[in-house]
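For reference, Swiss-Prot has these:
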BINDING   Pro97, Ile98, Gly99, Ser100, Gly101, Leu102, Gly103, Ser104, Ser105, Ala106, Cys107  ATP binding site
Amino acid sequence: MGVVVYAPASIGNVSVGFDVLGAAVSPVDGTLLGDRVQVKAGTEPFSLNTAGHFVSKLPTDPKENIVYDCWVVFARELDKKGIELKPLEMTLEKNMPIGSGLGSSACSIVAALDALNRFHDQPLNETELLALMGEMEGKISGGIHYDNVAPCYLGGVQLMLEELGIISQEVPCFDEWYWVMAYPGIKVSTAEAREILPSQYRRQDIIAHGRHLAGFIHACHSGQPELAAKMIKDVIAEPYREKLLPGFANARQYAASAGALATGISGSGPTLFSICKQKDVAERVARWLEQNYVQNEEGFVHVCRLDKQGSKVTGSEL
């Protein structure tokens, strides 16, 4: 029997937690904003099919696809446990634009590893699997980080801890918030977005960053949505990355005037997120972004909620 796993889009950083905070989101209208991976019995050790809206952006050689690397490291871990790897056929349905700031690579990695693990009756536990996901993300971006793979896999808002054998833990957030996600249809490379950042920061920025992040986490745990939203500020990346995102400053200004609680860059961009309390405000902001922030037919805007589930089985057939 095959298995199909869907892994949702995620917001790295959530503005206030550079490299240590991430949130999984899914559209309220039921659209699948994420990748799906099917694993079923095959005749050779590994074969790969690709499908989906952004299939043309994938490498033609299966061995250059990150899901092949996922299979390689999964096989390595099974070998350590003395468990036999089943011959399998994998299909990656690529629905996420690459270089979008929506955790596109994390979607493929999480869906592939979760599906591989389920197909083999879950020989790896959650932490072991998450560690592999971080390793794969590091292969793409040059450094192991979990701020997309953790929320994508586990759901909700995740805080990266990486102590006592704990990779990340969920932060209670506000179910009533709408998250408007706007992808303009242009590409920003994570490497370029990293290079633009300063190598050192001023003391007052470090203090502000600590206050905002601590304040946000405190407000989430004590149930203060207004305070939490006020704390969603970024002094680490946004001031420098804004110039890579045409129209971002105007979009943030409009969203605030329309009643949005906070607006920021999703991951390294170019996608932005805008948090709204009321659905009509979210829809008004979404309409404006569709007309003014989206630059071509590849761009899109979705009104989302937090995805509390993370990756999930959607059946056995794509």
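Keep in mind that glycine also has a Cβ here, set from the backbone N, Cα and C atoms.
Listed in chain order, the residues near the ATP site other than Pro97, Ile98, Gly99, Ser100, Gly101, Leu102, Gly103, Ser104, Ser105, Ala106, Cys107 are Ala9, Met96, Asn148, Gly267, each with its Cβ within 8 Å of the site Cβ centroid. DSSP gives Pro97 (ATP binding site) a coil state; it is part of no helix or strand.
DSSP assigns Ser105 (ATP binding site) to a helix in the three-state reduction.
Here Pro97 (ATP binding site) comes close to Phe54, Lys57, Ser104, Tyr183, Gly185, Lys187, Glu298: these same-chain residues lie at least six apart in sequence, with C-beta atoms under 8 angstroms from its C-beta. The most crowded of the binding-site residues listed here (Gly99, Gly101) is Gly101, judged by how many other CB atoms sit within 10 Å of its own CB. Once Cβ contacts within 10 Å are tallied over all protein chains shown, the binding-site residues Gly103, Ser105, Cys107 are led by Gly103.
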